[in-house]
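> TrEMBL lists 39-62, 74-95, 115-139, 160-181, 218-236, 279-302, 314-336 with the feature transmembrane segment. Annotation source TrEMBL lists domain 'G-protein coupled receptors family 1 profile' at 55-337.
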Amino acid sequence: MDTIHFELLPEASTSAESLTVTTDECYHEESTTDTVRMVLNFGVGSVIGITGICLNTILLLLFSRLSFRNTNYLYLYILAFFDIVVESCFILIFSLSSYYEYFENYELYVAWHNYLRAVSTIGQVLILASSVLIVLASFERYMCSSSKTPGFDPTTRGQLIFCVILYAFIVKGTVFAELTLKHEPHCDPFSDWHIQQSTLASHESFYYRWWMFHGRNVLSVFLPFSLLCVLNFLTFRNINRKSKHFEAMLLEGPTMLLPQDAQQALVTRERKRDATYTLFALVSVYLFSNLINATLTFWEYIDRDGLAGGFGTAYRYLADISSILTTAATSFRLPIYWACNRELRNHLSAFIGEFSTSSLKKRLSVKHEVMV
């Protein structure tokens with residue numbers, strides 16, 4: 001029986017759940033959802049996804065009150081929006097897929113197959129856009145750490161963010177055309193709807209071999225992963241050097257740095273340090289959450305047949321865990337901001353305090369200025 005495997009949500013072609021569909025008409029697809037996968041995807045995954053939607057909604061409300069558009073907080077605002085959509089896509093694809101398979105819910109089975117192509121494409125585009133956006137923010141932070149430059153000016157930052165989104169659409173937007181929905185109304189329930197790869201994405205095609213399997217994995221998995229590792233290392237090396245130099249200047253006394261200037265410099269240094277630690281934490285969580293993803297993708301390159309054969313069950317469990325970790329990385333950015341950035345922590349504390357004592361209309365009318 002000829003089967004077709006395709007990627008759904010995460011960046012790597014196999015780091016998410018790979019579903020098996022068939023070209024045979026009226027074939028009832030064998031369910032791969034056991035109790036463990038049901039608990040992982042529908043139980044743990046849904047809780048993480050819903051929690052992430054709530055926390056990132058709080059961030060969106062907070063940033064909508066701040067004058068952030070001309071600051072590097074713009075990255076965090078866009079990330080919060082992307083994260084909400086990604087978390088919703090995870091629930092719609094993985095959680096509900098496990099639910100309809102485990103409980104044999106035919107209505108959900110039909111709905112899932114009809115929205116899968118669009119939701120999968122949106123999710124993959126925004127996951128890549130988020131990854132490259134973090135790379136861009138890391139590069140700007142590296143620039144700030146290596147010189148006295150304040151980073152990109154607002155116009156340049158906006159243009160670069162647009163280029164990031166365009167890049168994600170170019171690399172991942174074709175996913176919609178790579179899948180096709182097949183309906184066989186004469187077949188029995190659970191064998192009448194199938195998602196399969198289109199002719200464009202046939203395993204024998206040049207497009208599949210050189211773009212889907214090689215080119216896109218490099219551009220969407222290995223390249224962001226590698227760049228973030230390098231940028232993080234270089235930024236912290238620069239920060240450590242500047243810290244030692246700054247401390248030496250303070251020890252020189254007022255002949256080198258006036259007390260008022262020293263106080264101003266300390267405040268600026270603390271803000272930059274908080275921003276660097278916040279970004280470092282985001283990057284570290286990203287790298288950790290994508291470690292399995294990158295490992296599975298590399299495994300595909302060296303032993304694709306063995307991965308799909310003898311390690312099928314272990315592979316599916318690892319793919320599910322990878323998907324959940326990817327979603328968890330987007331769901332818990334607010335605790336990272338709270339722990340690493342004092343300025344954002346103060347804004348969050350004020351927002352939560354007002355939320356508990358004032359009406360929503362009054363709270364949204366208050367504007368806070370972001371200090372850069």
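Quick reminder: no glycine exception, Cβ is built from N, Cα and C everywhere.
Each of these features: where is it, how hidden is it, and who are its neighbours?
Within the chain, the transmembrane segment (39-62) has long-range Cβ neighbours (under 8 A, six or more residues past its boundaries) at 17, 33, 76-77, 80-81, 83-84, 87-88, 90-91, 94-99, 102, 317, 320-321, 323-324, 327-328, 330-335, 337, 347-348, 351, 364.
Remote same-chain partners of the transmembrane segment (74-95), defined as residues 6 or more beyond its termini with a Cβ less than 8 Å from a stretch Cβ, comprise 8-9, 16-17, 41-42, 45-46, 48-50, 52-53, 56-57, 59-60, 63, 68, 112, 115-116, 119-120, 122-123, 126-127, 129-130, 133-134, 136-137, 157-158, 161, 320, 323, 326-327, 330-331, 333, 337.
Packing against the transmembrane segment (115-139) from elsewhere in the chain are residues 7-11, 72, 75, 78-79, 82-83, 85-86, 89-90, 92-93, 160-161, 164-165, 167-169, 171-173, 175-176, 179, 181, 195, 220, 224, 227-228, 231-232, 235, 279, 282-283, 286, 326, 330: each is 6 or more residues past its ends and has a CB under 8 Å from a CB in it.
Sequence-distant neighbours of the transmembrane segment (160-181) (same chain, 6+ residues past either end, Cβ-Cβ under 8 Å): 6-7, 74-75, 78, 113-114, 116-118, 120-121, 124-126, 128-129, 132-133, 136, 152, 193-198, 200-201, 212, 216, 219-220.
Same-chain residues lying 6 or more positions outside the transmembrane segment (218-236) and placing a CB less than 8 Å from one of its CB atoms are 11-12, 15, 128, 131-132, 134-135, 138-139, 141-142, 145-146, 171-172, 276, 280, 283-284, 286-287, 290, 293-294, 297.
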> Take every residue in the domain 'G-protein coupled receptors family 1 profile' (55-337), average their pLDDT values, and give the whole-number result.
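Taking every residue in the domain 'G-protein coupled receptors family 1 profile' (55-337) and averaging pLDDT yields 83.
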